């Protein structure tokens with residue numbers, strides 16, 4: 001019997017999961033790594049620490065599954081997107097810490113590009129907005145601020161990649177420098193219509209083409225692991241950015257199907273088929289996956305801070321000891337007591353796109369308790385999701401039938417019920433909640449014939465629980481109206 005290994009490299013931890021043919025998790029390992037905050041608004045990772053943590057959990061997950069590396073049929077990779085790494089091709093060493101997707105250091109550069117009237121150019125070609133969130137301006141910053149980097153890049157000595165590229169480079173012992181189309185579509189450098197790096201956008205951001213990875217399909221055999229890592233050469237066969245992998249793992253394979261992932265951030269994607277739909281409401285158009293010559297697209301809304309707000313309660317305020325305690329604390333009060341948290345710790349993402357927004361806690365009175373703050377924190381995740389869905393339904397001109405959910409915070413029943421109440425549609429939690437890793441596993445397995453086709457994996461999806469809306473629609477509208485007032489007060493707070 002053989003198995004599929006999925007590498008799930010996230011914003012706060014590296015994970016590895018072993019799946020069997022029925023999509024069951026046989027072994028799982030996870031390791032957190034450092035979050036580096038050099039200044040307010042700046043977020044970095046040590047890329048070498050990411051690699052070490054990822055390799056460590058791979059070995060641990062295989063051991064926990066009770067198998068050997070020789071039993072692995074294929075490896076799939078899913079990753080935090082946009083996070084930018086540049087390394088020396090000869091030594092394999094990064095020239096700087098990785099700049100994380102949450103980092104806002106290039107807000108001024110985005111403003112300058114916008115002032116030149118270039119927003120429509122980037123928007124129409126990439127499906128993205130000009131925002132520090134994406135990789136392009138991060139890469140330009142590294143080339144401009146690391147001594148000698150630009151000259152070395154132009155000489156072909158440096159390699160750029162998102163985290164998937166960094167992992168593949170290391171897994172193959174430096175033999176392969178590549179990224180899949182879903183990750184490439186998050187860089188501000190990739191033309192989603194042509195399916196290739198865009199020469200004009202590269203010129204606008206002063207990016208030498210020699211630094212870029214090869215763009216490949218999301219499901220194909222890219223190469224094999226170097227034998228020194230796992231005592232076996234295992235095919236690396238599937239890659240997708242974390243949110244696209246979750247869309248695939250949730251079997252949202254028909255236009256109009258929507259999933260929302262509740263992780264560090266919160267990310268909603270709607271499958272739109274083979275036609276890229278450009279949003280009129282500040283959503284993103286992105287590549288969902290590339291299978292052979294077929295490219296599928298999605299509309300996306302990205303919330304920067306979701307589960308990270310709960311981590312702030314734990315690490316910043318110290319009102320909970322573990323993230324799981326937030327549900328009990330929030331349940332200690334009957335409602336939010338008029339308290340609203342806008343967790344704009346790294347600005348606001350879709351549909352607002354305000355890099356200068358900052359976090360705000362509003363409605364506090366002498367009677368406000370830790371329970372009210374905990375409840376407001378959970379509710380902020382649902383409010384941001386509701387803003388996304390409203391914009392998405394308008395762009396697609398199609399009302400949502402159900403919302404499929406995944407990610408760590410979906411274990412929080414209070415949050416899921418409030419989400420259904422606020423949206424007025426069923427919220428469906430799948431039996432296998434590890435849908436991001438599962439999507440990467442499916443992509444890898446399809447490449448080597450472990451699963452025959454999407455119809456076969458489609459039969460594996462099952463709902464574990466459906467949360468039906470129970471709140472009066474007038475009450476939901478009232479709550480959302482107050483949320484909007486709070487949102488307005490957080491916007492434009494930081495100085496450009």
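Placed from the backbone N, Cα and C atoms, the Cβ positions cover glycine too.
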Original post:
Of the candidates 194, 198, 242, which does Swiss-Prot annotate as part of the sn-glycerol 3-phosphate site that also includes 11, 81, 82, 133?
Top reply: 242
Original post:
Across the listed ATP-binding residues, 11, 12, 13, 264, 307, 311, 408, what is the farthest Cα to Cα distance, given in whole Å?
Top reply: 13
Subject >> Cα-Cα distance linking residue 243 (glycerol binding site) and residue 307 (ATP binding site), given in Å to the nearest integer >> reply: 15
Subject >> 11, 13, 311 as binding-site residues, winner by CB count within 10 A >> reply: 11
**OP:** Using the centroid of the Cβ atoms of 11, 12, 13, 264, 307, 311, 408 as reference, list every other same-chain residue with Cβ within 8 Å of it (recorded ATP site), in sequence order.
**Re:** 10, 263, 308
Original post:
glycerol site residues 81, 82, 133, 242, 243: biggest Cα-Cα distance, Å?
Top reply: 15
**OP:** Identify all same-chain residues not among 81, 82, 133, 242, 243 whose C-beta atom falls within 8 angstroms of the centroid of the glycerol site's C-beta atoms; report them in sequence order.
**Re:** 80, 83, 101, 186, 241, 265, 267, 302
